[in-house]
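Student: Attaching a single structure in structure tokens format; questions to follow.
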Amino acid sequence: MEREPGDSRLFFRGLQSCSHEKMKLRKRKSASYFSSQKSTGRRGDHLGENIYLVLFTIALRLCNCFLVQTSFVPDEYWQSLEVAHHMVFKYPFYGYLTWEWTERLRGYTYPLIFASIYKILYFLGKDSVQLLIWIPRLAQAVLSVIADLRLYSLMKQLENQQVAKWVFFCQLCSWFTWYCCTRTLTNTMETVLTIIALFYYPLEGSKSMNSIKYSSLVALAFIIRPTAIIPWIPLLLRHIWQEQRKLDLILHQFLPVGFVTLSWSLIIDRMFFGQWTLVQYNFLKFNVLQNLGTFYGSHPWHWYFSQGFPVVLGTHLPFFIHGCFLAPKRYRILLVTVLWTLLVYSMLDHKEFRFIYSVLPFCMVFCGYSLNHLKTWKKPALSFLFLSNMLLALYTGLIHQRGTLDVMTYIQELCYKNPNKSTASVFVMMPCHSTPFYSHVHYPLPMRFLECPPNLTGKSQYLDEADIFYLNPLNWLYKEFHNNSTLPTHLIIFSILEEEISAFLISRNYERTAVFFHTHLPEGRTGSHIYVYERKLKGKLKRR
């Protein structure tokens, strides 16, 4: 017998309510009765949801965490784990801060989370390199679980369990969410805080609205990543416009919350920078007012609409468009927020996929609405969404751009499994910040990479170290290492560079000792494979 289109057992039982029993309660006028009922809740529930749903989501995100073994962007290490490692393990050769920290463009609030984890592991004597790598990511995965469940709970309040189920399904099978939600990126934390804040935002029909809670989460997202305020501008303006006691909302809720969180940020940054610093202003000045982010690449104004947004949504795109026409008017503010965010980011020359990650959950609301209204084509649509997203998620999580992490595992083994290599040194001759650094080695190994700070002094025809190197790599190497005593024992390069510097490698007795696959889509200075060359005191170069 064929299932009805609305059968809620369509893909997993965890979305079912804990019980379908109808209970009749006598009406009571006692306020204490209702408050006790509210505080007690359902004993089998956690985070307001069925325990089986919670366990399912935790298990899924833990699998998600371990099935993402590739690198995305340098910031997932250099603006979080590397900073945390430097905060906790300040030994010679045992930490590195990029130029953003010397210029005080970044705040210590987010890295402090991971530094606390590192400190606890250190006190317990469990600060092994594998735990330093995976515990922060597992912590981020748990936070993403909370956000996922809050999105489901919100939709159950605003609509019903059926719609909430499809929104939740879209959220869980989104390839980009899978790709990002367990990474230690400020964008990931921004998205988590945005979803949880939306749970407390006064949307029509919400039963969990709380101005203090949602504004506190928005303020926290702002001090972690100042551009997190962009999606919230239309939402905050809407709240103020609809609030009858506008002055009370601003003076007694928004301003105190803003003052406390900003003071918290100032104190933390004062402790680590050694002086009072408003990093949020420095960040906005550099990236927005001065637009110096273009040093790391620029795109045409329409990039988010023509490429960025369609890629991030993936095969959800037609369902998102369909859902925009079906969703009730009260969700118009969410659509306005998405469009506003895309427009604002389109005004900046430097564009990245991850910048619009925070509005992806908003889009899942419309995708879920689309699925809920499908009748005949629901099963094919679900299969299409699941398979297409999972194939892309597994490819990007397990294959694409994995070499930069695999090579760090090789460096770990060099340090820990071969005591005779105690005099080793490493030079990463790849585009700057291609690999993680000491957070993925946790050993006082002398390491170096090509640096690429932007033009902060206003020099004309400015070139960073990496640019100068790639103009003439062979000539640069001969000048930099004219004395053999300064040569590193190991060189790490992309395959695309090998032929160009082969004369140097042969003349200095370097031999290729390891090869790691990186990507099927090499471009520019990035090759398909990563080569490790080791200097041999005797013998000739032998290529495998």
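Residue numbering: from 1, along the chain as shown.
Using the three backbone atoms N, Cα and C, a Cβ is placed for every residue, glycine included.
TrEMBL lists 51-72, 131-151, 215-237, 249-268, 301-319, 331-348, 354-374, 381-399 with the feature transmembrane segment.
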Student: Can the transmembrane segment (215-237) be said to touch the transmembrane segment (301-319) if we require at least 3 CB pairs below 8 Å and skip pairs under 6 apart in sequence?
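Tutor: Contact between the transmembrane segment (215-237) and the transmembrane segment (301-319): absent.
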Student: Would you mind listing the long-range same-chain contacts of the transmembrane segment (381-399), meaning Cβ under 8 Å and 6+ residues beyond its ends?
Tutor: 10-11, 67-70, 169-170, 173-175, 178-179, 314-316, 319, 371, 374, 520
Student: Could you tell me what the rest of the chain brings near the transmembrane segment (301-319), counting residues at least six beyond its ends with Cβ under 8 Å?
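Tutor: Contacts with the transmembrane segment (301-319): 170, 174-176, 342, 345-347, 351-353, 356-357, 360, 363-364, 366-367, 370-371, 381, 384-385, 388-389, 392.
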Student: Where else in the chain does the transmembrane segment (331-348) make close Cβ contacts, counting only residues six or more beyond its ends and a cut-off under 8 Å?
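Tutor: Beyond its ends, the transmembrane segment (331-348) has Cβ neighbours at 203, 230-235, 238, 287-288, 291, 293, 301-305, 309, 324, 355-356, 358-359, 362-363, 365-366, 369.
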